[in-house]
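Q: Handing you this structure, nothing more for now.
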Ligand SMILES: NC(=O)C1=CN([C@@H]2O[C@H](COP(=O)(O)OP(=O)(O)OC[C@H]3O[C@@H](n4cnc5c(N)ncnc54)[C@H](OP(=O)(O)O)[C@@H]3O)[C@@H](O)[C@H]2O)C=CC1
Ligand SMILES: N[C@@H](CC(=O)OP(=O)(O)O)C(=O)O
């Protein structure tokens, strides 16, 4: 299938230089943090998006990006080093497409202000994920949920919109759960996570707390794992999402791993599948057509490992350039029906990469059925 032609909305007047552009100009809010930096890295050579603005708190605003950012991984893109960091004020940021990696303490007021000012906000923060009129999108699973954006804009009187991605552990769990739910009807899920330190941002968890240790508590994490999955695996019902009716219990743990969240799951289904049936469904699933040929979509959203001791974050975290979730240890469960382990990159698949793929399907595929709906809604 040929690569889709990017849909280019009339944004030329918003490009700071005033020159014509071949890529969409975008801004990153929260650009100095762990997820903001991942956006900057992943977008450095993106064929459709060009980072033209970086914004963060008043602590950083007015200073050079390289001066205020403690770069965590790889090399800061040269083109961004000397950019002046802007305040997170919609009147200071001219790009219409905005990726938000804001701390949740700030996202609750800043993201709606941007949406009200006509910006299309692709958010990583938890604040609006469960709002009934805000899509919570894992693109391979429920890109069609973008259709509710139109109702959101109407109800809130916004010229722009907010589209969210999920909690990082939820994203990792959702990819294997989606095809299994579709095939066998998920009824119960017991999840225990082992979450990397990069999930806590920078500087995050003190080294004396986490080195050689496991912390069986991540503030506010379990309620998110126990509710977001049902929305992601739900269905569009008019202008809302009808949540899937299964029940989830979660234990969330911080472990001394740099990147990669691992989730052990015991699953109960309406129809008990065999291990071979589960493996077949997982191996065959490629996810929604909407993500085909998108620049950030991995060839396989799920990589199934047969090795008895995989997945492991150190070895598997960069599967599919950090966008694939590796699944292994599929076996019968004594309490429920099936158990398995999934692992994926928390700041790529679980945050910035997922958000970029959301923007790609929302804006970059206007000729495809759901993409067209979403693009029309977002473009107003
Ligand atoms: N890390 C992960 O794996 C995941 C994170 N997320 C979510 O993504 C978001 C970012 O997380 P992460 O990068 O880890 O966090 P960090 O703490 O590393 O970065 C937070 C960013 O928010 C900015 N910020 C903080 N307060 C304000 C404010 N009042 N006004 C404007 N900007 C502000 C900071 O700017 P400054 O440097 O100027 O203070 C910084 O750029 C969070 O909402 C998080 O929950 C979601 C999924 C996974
Ligand atoms: N709490 C997650 C990261 C995160 O910020 O999640 P959320 O975006 O759901 O608040 C972790 O520590 O790994």
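A Cβ is built for glycine as well, from the same backbone N, Cα and C atoms used for every other residue.
Because the structure is a prediction, the values reported are computed rather than measured.
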Q: If you look at how TrEMBL annotates this chain, which of 236-263, 264-291, 292-319 comes out as region 'Disordered'?
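A: Of the candidate stretches, TrEMBL labels 292-319 as region 'Disordered'.
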Q: Cβ distance under 8 Å to residue 261 (active site, proton acceptor), same chain, sequence separation 6 or more: which residues?
A: 168, 169, 172, 193, 194, 195, 196, 199, 313, 343, 344, 346, 350
Q: Does DSSP put residue 168 (active site, acyl-thioester intermediate) in a helix, in a strand, or in coil?
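A: Where residue 168 (active site, acyl-thioester intermediate) sits, the three-state DSSP reduction gives helix.
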Q: Over the span of the region 'Disordered' (292-319), count residues by DSSP class, listing helix, strand and coil in order.
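A: Secondary-structure breakdown of the region 'Disordered' (292-319): 5 helix, 3 strand, 20 coil.
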Q: Around the C-beta of residue 168 (active site, acyl-thioester intermediate), how many further C-beta atoms are within 10 angstroms, looking at every protein chain?
A: 28
Q: What mean pLDDT does the predicted model reach across the domain 'Semialdehyde dehydrogenase NAD-binding' (25-149)?
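A: Mean model confidence (pLDDT) across the domain 'Semialdehyde dehydrogenase NAD-binding' (25-149) is 96.
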